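The structure appears below as structure tokens.
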Amino acid sequence: MNCPLGVNAFRSSVQITAQQFSRPTASSASCIRLPTFLSRRLISAWSLSARKSQQHQSLRNTIATSPILPRSLQWPCSSSSQRIGLRTIFSGHSVTTHYVDLPPNYTDEVGLPFRRSDLNTQEVLSIFGTGTSTHAANKLLWILHGRRVAGTLEDPELEINTLGFSARERKIALEFLRKHVPVDEVTNAGLRAEDELAAMEEGGADGAQEPAVHDPGYKSRLKIYKSDADAAAAATGSGQPKDVGVYGMGAFDTIRARNKIKYEEELKRREEQKRIKEEEYAKAHPGGLQTVDGKPQRELSPRMQKWVANATSDLEAPPEMTAWERLLPSTIVVALFVGFLVTFATFYRPPSRADRLFPDIPPAAATVGTLIAMNLLVLLAWRIPPCWGFLNRYFLVVPATPRPLGIIGAMFSQQQFLSHFLTNMATLWFFGVRLHDEVGRADFLATYFAAGSIGFLGTMATLVLRRRLDLSTLGASGAIYGVMGAYFWMNRFEGFKIFGLPPDPSTGVQGLAFLGLLVGLNLAALASSKHHQMDLSSHFVGLSVGLVAGHLLEKKKEAKKQRRLLEAHVGRAAVPGDTANMGGVDKLILERK
């Protein structure tokens, strides 16, 4: 029984090869007629391997002699040695890069996977920057990789599936794919053109009058023949070529022209809608770390639009500045601020109870409570739109447009109540009052503000040197880490119990263990995929400043204790007639007094 493959519908260069598989054999009991799309794919694979390499030849031979080839894919009308190598099905790679491997169910709207796993959020940020969601970026990469493999990268009718992406996003995605996923786009496009030509010739042989109109997807309409107008324009070098085939303007050309007009109108409409939504979203999210997958807000009122415009910079891009030009002013301000804190801690004398603003409240509770109240006021101010412009300038650290005073103001700035404000302030209260009781108000405030300001300076330097000018930061976490670092260092050998645990006779966990826990938690956060959403630089720098401050405060506390003991000893020895038991140093101090 004969197995016709429709050889006449294919290229003459492979008709002889294909005829070998259509001859009758004595052992054939039945015959399988391949579907049209599969037969074209097999012939394209055969032609490509003949042109390309011995590598494809060896792969085809390996598959053809494989004993595990499914029976449904064997040729019952030929001997066991006559099998076609189906690279389309038995590919050894999970990422498709050749046109002959294109899955039969491929559609342009879905695309093809460009690697074993999609990009994560951090990778999307590093490639596309902010404003592109992780899902959208991976979808665009799937579609463009599929077009590169299917040979439809230049097909204008498929652009409707990427209307939601900007030209910049499409350019970045294509550059990324061409760099990391090598694909022979020219060869794939040529194979598709040959398959389409074969399909058109086969349709003409069957008496088809008009090709059916289809939605953009698996098939494309490459321009196979050069039109008369194109040939004339190429010969004369003048005039604009018209999209008319060599056989004149037919029904197919009319449908295509009509669809092209509809496509261009739809493209303009969607681009305009996307532009309007992006502007509204940018105005509704001033300052702070932007969420990657945020949803556009509803339309703003005219008054709200005015406040948003006042809080939004009119710069299209960060000003061109060197790293030192961005960091030097803030470094000078922080150095002067720390110098003021040291002077304040040296000469400050606590007032008497009668002169205090809150005489009935313990000094530690009054100091820490005032800091919490100031943070609460700034948190409420972020909810008032007229305040946005002022807060963005002086209560936010922005490396793109640095303002030195923003480093100090950002220590009082919180934006989320539960995840940011409540967590930070609860930690500040728990450790702040304890450190305050040990070192006093002046040293506590000096430690708090020095750790916070130097921590933000470290964050700003990190972002500037990494060229991440699209990020900004705020919060009191750096200052709070400084307070915890100083407290645990001063009590590094003391035992701490949490809810009575560990039980007696254990003295508890030493302060050094808690310091290690703080470092470990931040290192674990640094290794997570969401570390860009936390200001880990200010955490590490603030903790380091707290350790240094704790060491200095410990020395200061010890010196003060020795001074008091000496003064008490000298005071007891100052009784008349009681100088016999005094040492030489005590006598010298007494004589000076």
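Positions of Cβ are set from backbone N, Cα and C atoms, glycine also.
As written in TrEMBL, here are the features:
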| type | residues | note |
| --- | --- | --- |
| REGION | 277-297 | region 'Disordered' |
| TRANSMEM | 327-349 | transmembrane segment |
| TRANSMEM | 361-382 | transmembrane segment |
| DOMAIN | 408-553 | domain 'Peptidase S54 rhomboid' |
| TRANSMEM | 445-465 | transmembrane segment |
| TRANSMEM | 471-490 | transmembrane segment |
| TRANSMEM | 511-530 | transmembrane segment |
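Through the fold, the transmembrane segment (327-349) approaches residues 402, 404-405, 407-408, 441-443, 445-446, 449-450, 453-454, 457, 460-461, 464 of its own chain, all at least 6 residues removed from its boundaries and within a Cβ separation under 8 Å. Residue counts for the domain 'Peptidase S54 rhomboid' (408-553) by DSSP state, with H, G and I taken as helix and E and B as strand, are 105 helix, 7 strand, 34 coil. In the predicted model, the domain 'Peptidase S54 rhomboid' (408-553) has a mean pLDDT of 90.
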